[in-house]
């Protein structure tokens with residue numbers, strides 16, 4: 001791990017360099033030899049006697065030692081050529097940055113601006129712009145080819161075991177193929193069952209796909225607030241989150257310098273960036289929801305589209321007629337965006353402008369291929385409120401809005417709860433699929449109990465694994481600081497690792513091809529006491545190694561056939577290996593290589609023959625038995 005500083009900037013050093021015993025490799029799709037799709041190869045020890053293991057990689061160029069990282073310049077804008085090659089777009093001057101874009105921050109509090117500006121692109125009328133429009137027209141884009149190669153992890157070996165893997169899981173109606181082709185990706189997008197969030201102005205993006213027939217993805221939330229954090233910290237947290245496996249990142253900043261913070265993040269992010277535009281719109285009217293207007297919100301949408309935001313959370317399902325349904329709740333309306341719109345609706349006694357102007361919102365987002373993440377502003381904030389009428393009324397409206405957005409050519413995913421006990425989780429998935437036409441589901445957890453402040457990454461990880469198994473396409477992480485404070489980089493890592501576990505467990509349960517390869521590789525390393533391979537095959541090699549080294553720090557302990565839990569005499573795996581070694585060294589050559597069960601059967605047969613040889617009596621002379629045993633030894 002290297003910490004690279006950036007000259008002439010107040011921005012922090014960001015974490016670069018590969019993870020332990022890993023290297024960046026690139027797969028080249030057969031149908032697009034000009035593309036280089038990143039993967040991480042875990043390098044196994046010589047004792048492993050098996051190939052290195054390629055795994056999905058979200059870390060971008062930050063883990064490639066051959067790339068020079070300069071946060072001031074941003075990442076390479078590789079995708080701009082793909083967009084221009086397709087045509088149907090124009091470059092234009094774009095709107096000016098206004099003081100209110102950064103919360104009217106004074107010069108003494110203003111963050112350093114990102115100076116490497118590029119003119120924004122937008123789609124032309126009458127041309128295909130979005131991935132959905134291309135997919136419906138039967139056109140396979142480079143983004144589709146790219147994500148297909150990524151999903152396959154560069155491992156055609158999975159074809160050999162895909163049928164067995166699929167048979168071992170319960171997919172609950174998902175249609176995960178043995179091998180992901182670009183055509184399959186195109187078809188899933190055309191059906192609305194998957195999205196590739198990829199604003200045409202986010203040229204630094206490494207495309208990824210969200211859908212229940214693909215690997216389960218996770219999102220990490222970052223962002224400053226009015227009381228804490230800075231641009232420096234948020235850029236650092238973004239790089240840190242993707243290092244550990246965040247597939248997308250949402251910038252939920254609500255304090256000063258919102259525009260500037262977002263610009264630094266976008267220009268340095270290889271993963272899709274999402275936002276909640278109402279947060280910035282609220283800052284522009286000094287935090288007063290009643291003062292919000294459609295014109296102000298529209299201007300904010302265009303501002304963020306031009307910057308390159310890949311998906312917007314828009315709480316258009318919070319309608320005036322639903323607000324009274326939350327009156328009897330234990331925790332009322334807990335969504336920030338939902339509460340803002342509820343207050344606006346009640347103050348003006350009007351339908352939400354997000355709902356009444358939804359067609360126009362679609363037209364704006366389509367020009368930049370910004371995906372919808374239709375927000376659940378009425379999600380339950382406690383298990384007591386789970387699955388109530390307010391929650392499901394909003395979900396039904398989101399289903400209606402999904403069809404409108406699809407008709408306009410926009411990509412859509414649906415946000416979900418929240419706080420839901422385990423026995424009420426599946427109905428959420430089933431109802432979402434039914435109401436929203438199988439659009440991808442994206443949930444916050446859900447948290448399965450409310451009794452564990454400080455441990456809500458665990459309470460939510462349980463629900464996340466379950467709903468991921470049932471078909472949820474992306475899981476929004478929860479950190480230990482949930483309900484308590486703004487997460488720092490340690491909390492971000494804990495949240496990401498927790499949700500990588502949940503997502504992987506869901507893929508295993510669905511029978512996703514090749515999901516188990518990493519588990520099996522680690523299990524073999526564990527049984528063979530290849531400690532270093534165990535660490536490196538895990539999701540967090542650093543923590544695994546540090547835990548082991550707390551009690552067995554010497555290098556010699558990395559090859560020891562025991563750990564500090566059981567010690568050398570009580571290790572079950574060591575005992576099992578001893579049994580196998582015994583089977584391999586029996587005098588009878590026929591027993592060499594015999595399995596444990598075979599050894600047992602052979603031993604039983606020997607004792608049966610001995611019983612008959614000594615007369616077949618139940619009770620025998622002790623001295624004769626002793627003499628017989630000596631003969632066998």
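Every residue gets a Cβ built from N, Cα and C, even glycine.
Annotation source Swiss-Prot lists substrate binding site at 221, 250, 279, 315, 335, 336, 337, 376, 377, 378, 379, 415, 442. According to Swiss-Prot, the feature Zn(2+) binding site maps to 419, 483, an assignment based on sequence analysis. Feature annotation from Swiss-Prot assigns [4Fe-4S] cluster binding site to 563, 566, 571; the stated evidence is sequence analysis. The feature compositional bias 'Polar residues' is assigned by Swiss-Prot to 1-13. The region 'Disordered' feature in Swiss-Prot is assigned to 1-20.
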Distance [Cα-Cα, Å, rounded] between residue 483 (Zn(2+) binding site) and residue 279 (substrate binding site): 18
Chain-internal residues, separated by at least six, CB under 8 A from residue 221 (substrate binding site): 249, 250, 252, 476, 477, 487
Neighbouring C-beta atoms (10 Å sphere around the C-beta of residue 279 (substrate binding site)): 20
Recorded substrate binding residues, 221, 250, 279, 315, 335, 336, 337, 376, 377, 378, 379, 415, 442 - maximal Cα separation rounded to whole Å: 20
Neighbouring C-beta atoms (10 Å sphere around the C-beta of residue 379 (substrate binding site)): 26
Where residue 483 (Zn(2+) binding site) falls in three-state DSSP terms: coil
Rounded Cα separation (Å) that holds between residue 379 (substrate binding site) and residue 419 (Zn(2+) binding site): 8
Which of 337, 377, 419, 442, 483, the listed binding-site residues, has fewest other Cβ atoms within 10 Å: 483
Residues satisfying Cβ distance under 8 Å from residue 335 (substrate binding site), sequence separation of at least 6: 315, 375, 376, 377, 378, 379
Where residue 442 (substrate binding site) falls in three-state DSSP terms: strand
